[in-house]
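According to TrEMBL:
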type: TRANSMEM; residues: 20-40; note: transmembrane segment
type: TRANSMEM; residues: 61-80; note: transmembrane segment
type: TRANSMEM; residues: 92-113; note: transmembrane segment
type: TRANSMEM; residues: 134-161; note: transmembrane segment
type: TRANSMEM; residues: 167-184; note: transmembrane segment
type: TRANSMEM; residues: 285-309; note: transmembrane segment
type: TRANSMEM; residues: 329-357; note: transmembrane segment
type: TRANSMEM; residues: 391-412; note: transmembrane segment
type: TRANSMEM; residues: 433-464; note: transmembrane segment
type: TRANSMEM; residues: 517-535; note: transmembrane segment
Amino acid sequence: MGEMNGDVTEITRLMQRFSWIDYVVFVFMLAISAVVGVYWGFMKKQTTQSDYLLGGRNMKVIPVSMSLVASFVSGITLLGSPTEVYMHGTQYAFIIVSIFLMSVIVTQVYLPVFHQLKITSNYEYLSLRFDNRVRLFGSLLFTFTLIGWLPIVIYVPALAFNQVTGVNIHVITPIVCLVCIFYTSAGGLQAVVWTDVIQITAMFGAMALVAIKGTIDVGGIGVVWQRNLDSGRIEMPNWDPNPLTRHTIWNLVIGGTIYWVQANAVSQTMVQRYLALPTLHGAKWAVFLFCIGISFLYCFCLYCGLLIYARFHDCDPLQTKLAKAKDQLLPLLVMDVLGGIPGLPGVFIAGIFSAALSSLSTSLNSMSAVVLEDFYKPYYSKQLSDRQSAWLMRGVVILLGCLCVGLVFVVEKMGTILQLTMTLESMTMGPQLGVFTMGILLPGVDATGALIGGVSGLAVMSWWCLTSQLAIARGQITHHHKSLTTVGCQYNFTAVDNIGDHYVYRDEVNPVLRVSYMWYTLAGMLVTICIGAIVSRINRARGVPFVPPSPTLLAPQLRRLYKEPPHPSEELFIRAYGPNKEACELKPITTNVKPITESERDMS
């Protein structure tokens, strides 16, 4: 940027060099997604509920793994991770360790239970293990979190598009969302997965282009490394045990592992793809390949953060307002590096929107499964035909998609909604994971204990997260960032001193509110489990009747403690499906547990 002269407004206008070739590339990406929807929706008919929601439970490992990566990585990740490194350094990179620890826990504890039950919505498990009250609690948490999160997923890449083109976000977001709604409602999970395969390719291609071309322009990897090393951005593991420290090896590995377990083991958007694979062995491989793919993508994103600093090391674009928001740093780098080559900015923006489309389409498809399985079947006795089910699921996709487009207006008008939405996610993640973990690992927890534990965890985390965010909004808690300077700028600008990232702890702020956000999911899970276990223990002492869970509903490591073979009782089935149980296909429940013999029964 040092060679640029003039006013910052003029430079911003000059950098918006989105040519007609770039628009063609961007439109081509949308067109491919629409064609996939037409193919799976009209040429390959989705005749049954299983076809629409689970691809007939006959999907292939590689496409599902790529879909998992594509849907997990939103534009928030692609734009936010480089900003994290630019502002705070590389300490966050150690979260990659937690990704692989998560794979061990998910494949050995949670996934075998869900896959063996052959369920569609993972909240079905909560009614099998507890009752419909707990199932409804989990489904509602998922629904409200999704509705709060999806508008952000759409809004963030729209900001990037605005940065490189100047096009209003309310022009582009309805167009992109309509394409997504079309192919998701038409083609079901098959369309979602195969568009994800295309979109993850665009994501990797976009990040690779920026990394390679940007490194060459700066002067090579050595220059990138040295400039970041000199500024203190290259960091070794921080072993500080203080829970108030924002990022340490402890909260990134321990807290990060729990966060990743929640996202992969009990989130419907991820579990639904694991259940679409025909075998447990294939599902475990999908988890492992997901870990590899997401780690590579994170490495690309984190390196781009180093590249942003190497490029703007002596002229911070945030203080000069060349970038109006932190999430526009990477698009700014793209236009600086690739803007002079027609077509390449279009590839990058297509990649960013691909991340948003994959997250949106997966969430819409998962929400249709939750509405059908968790909000309709347990409470309505009328059996739906395949055609009626299809219309219901497609209607959910269309309505939720349109709602998200409308909520983008709310996101734009309320600046703090970004923080509040991330807080909402933190509030609900821990209680959700806690309820499922009690079911799978604590056989003595009953339905009332699980429900009270979940509600208590939600209440505690709501107070904690919202109060903390209120302190941040008041300026009582802000965050330290690495050194930034504008001494090398050669264009005119009005300096902005406060970009909102200095540590200022007021004495009156409760230390609990300063605990790193990386501990939130773990804290919510522990509160939920502790209260749930205590309430269940009190219920036992009061003589409240309790039926031990079927071993098939427990983690494989616990099943050897049970000798009697599981059997789906009438009561268990009513808990799962309510008055509509006659219309449901009985799901076979099998186990490797050795049946008890007559002699053993006499001895006991």
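Just so it is clear, glycine is given a Cβ too, placed from its N, Cα and C backbone atoms.
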Contact between the transmembrane segment (433-464) and the transmembrane segment (134-161) (at least 3 Cβ pairs under 8 Å, separation 6+): yes
Contact yes or no, the transmembrane segment (285-309) and the transmembrane segment (167-184), 3+ Cβ pairs under 8 Å, gap 6+: no
Same-chain residues near the transmembrane segment (92-113), Cβ under 8 Å, at least 6 residues beyond its ends: 81, 84-85, 125, 237, 247, 249, 252-257, 259-261, 264-266, 274, 280, 283-284, 287-288, 290-291, 294-295, 298-299, 302, 436, 440-441, 552-557
Cβ pairs under 8 Å between the transmembrane segment (134-161) and the transmembrane segment (329-357), at least three: yes
